[in-house]
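Everything below concerns the one structure shown next.
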């Protein structure tokens, strides 16, 4: 029977550790603060941001909320970014994506103070990840790839020398997780597949580990999966459940594929909680660097 990689359980353990560390920082007079910048009133984005602030409350991190109307301009958002860059109460912050189409997302992300980049997506921080194949990285790491690796590590799943097929080349995970998987401490062999990849099913069948992040419901079918493979489902799609009479969230991996897998992450309940836990970890680690108590500082 396949091992279920329970992201909720592992994230809970991580948050318990973070809460202890935050309490230690508080005794030193430092309270980490996470800021969120939300533009518009998209229900999905609002729900996601609300979840982040609940996580903050759970571990003792202060919440700093900034919300702008959907009509906000790039300059309006940049003004908030500059304010958070200068705010000593804000240890790190995120820009909730996607932004409205009329806003220059690259300009916004590029204006973030790299040391306050809680998502680990600033060009400087991504560059540090490219440059440092081995050794400690003292800049924030991308949350979703970091969460995937932490989930696999929690279950003792070895990646060194194994073939990993990454489906999707989005900046959130597809283009960044390969950098983390090929670091000297991990040593996986990575194949990145995308819309231009021919015979994509063959790449999936050869993989020991499949990380699916294409956002297409049921993209990975049971006949595509090598028996015993590890399936990490990152994709998010909303489909109408006729039996329940409402929309529900599903992943990229068809549930029938779980029967042949050696291990799999459920969706929801797998990678999502881990991503949120890593966001908190980035904030706490930056606070520890500021306090001079983190070894990699």
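Using N, Cα and C of the backbone, Cβ positions are placed for all residues, glycine too.
These numbers come from a predicted model, not from an experiment.
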Identity of the NADP(+)-site residue among 189, 191, 195 (reference: 168, 169, 170, 236, source: Swiss-Prot):
195
Quick one: give me the count of other CB atoms within 10 A of the CB of residue 195 (NADP(+) binding site).
8
Largest pairwise Cα distance, Å, within the listed NADP(+) binders 168, 169, 170, 195, 236?
17
Residues near residue 168 (NADP(+) binding site) in space but at least six apart in sequence (CB under 8 A):
174, 193, 194, 212, 213, 214, 215, 234, 235
In the three-state scheme derived from DSSP, which category covers residue 170 (NADP(+) binding site)?
coil
Restricting to the same chain and to sequence separations of six or more, state which residues have a Cβ under 8 Å from that of residue 236 (NADP(+) binding site).
215, 249, 251, 267
